Amino acid sequence: MMTRFALTVVRHGETRFNKEKILQGQGVDEPLSETGFKQAAAAGIFLKNVKFTHVFSSDLTRTKQTTCGILEKSKFCKDMAVKYDSRLRERKYGVAEGRALSELRAMAKAAGEECLMFTPPGGETLAQVKMRGKDFFEFLCQLILKEADEKGQFSQGAPSNSLETSLAKTFPLGKTCAPACNSDSSAPGLAASVLVVSHGAYMRNLFDYLVTDLKCSLPASLSRSELVSVSPNTGISLFIVNFEEGREVQPTVQCVCMNLQEHLNGVTETR
């Protein structure tokens, strides 16, 4: 039996420190700026027709506030309980937290390393962040499988067609997502539609796991530079995950879009 679910990943809205290019990591828990709240509301309006079955957020203030801003605008999920998960926190930057990005670059240069690959003292390595992403993703797969089993896995797929329909109103499913996402009757309906709100560096490492380790298929329009760049604040990415029950095989993942930001058109910066 094939089980499928949608995974929508959103970066938090802007904080004052994002604008000032100061590293927050886990130790600096800044709230959203005025612009950040506007971005969260804009993301919420963009996603308002999507029926989410599960909502997960990092337990830091900027992601909590963004999640709240998104759900406030939802037609279906206003009162949905949010699960806060520390595995979704930003990369830990150790001694560099609260300091300017330029200082991290200087530390990396002094150590003879590329800034992206450099781990400041007390910080997490990229491999550790990726492992947190893998751990959360595997937990999510097991959760959806368990719940699908408990529901007896929809015999006709009818109960979950509404999840797919709601996604199709917002995202280009038919155009970018091959047979598994279109109206092909042989593909089962979505068992779940999951919203995750997290952080820029964390998301880049989670996406690296999906693309590098799970060989996630990508939209033809996605450039290499877009693939390795950090999501803009409230950038939205959508993945469709397929896996077979009872088989020790890795899930297949399709990326419908990555770091989408069209909802931010017209969101003005606060001066």
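The first residue you see is number 1, and the count goes up from there.
Note that Cβ sites are derived from N, Cα and C of the backbone, with glycine treated the same way.
Residues near His12 (active site, tele-phosphohistidine intermediate) in space but far in sequence (CB under 8 A, at least 6 apart, same chain), listed by position: Leu32, Gly36, Ala40, Ser58, Leu60, Arg62, Thr63, Gln65, Thr66, Val197, Ser198, His199, Asn233, Thr234. According to TrEMBL, the active site, tele-phosphohistidine intermediate annotation covers His12.
Per TrEMBL, the feature active site, proton donor/acceptor maps to Glu90. Spatially close to Glu90 (active site, proton donor/acceptor) yet at least six residues away along the chain are Gln24, Gly25, Gln26, Ser58, Leu60, Ser198, His199, Gly200, Ala201, Tyr202, judged by Cβ distances under 8 angstroms.
Residues or ranges marked as substrate binding site by TrEMBL: Arg11, His12, Gly13, Glu14, Thr15, Arg16, Phe17, Asn18, Arg62, Glu90, Arg91, Lys92, Tyr93. For Gly13 (substrate binding site), other Cβ atoms within 10 Å of its Cβ number 30.
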Neighbour tally for Arg11 (substrate binding site), based on other Cβ positions within 10 Å of its Cβ: 30
Cβ neighbours of Arg62 (substrate binding site) where a neighbour is any other Cβ within 10 Å: 29
Arg91 (substrate binding site) CB neighbourhood, other CB atoms within 10 A: 25
Binding-site residues compared (Phe17, Tyr93) - the one with the fewest other Cβ atoms within 10 Å: Phe17
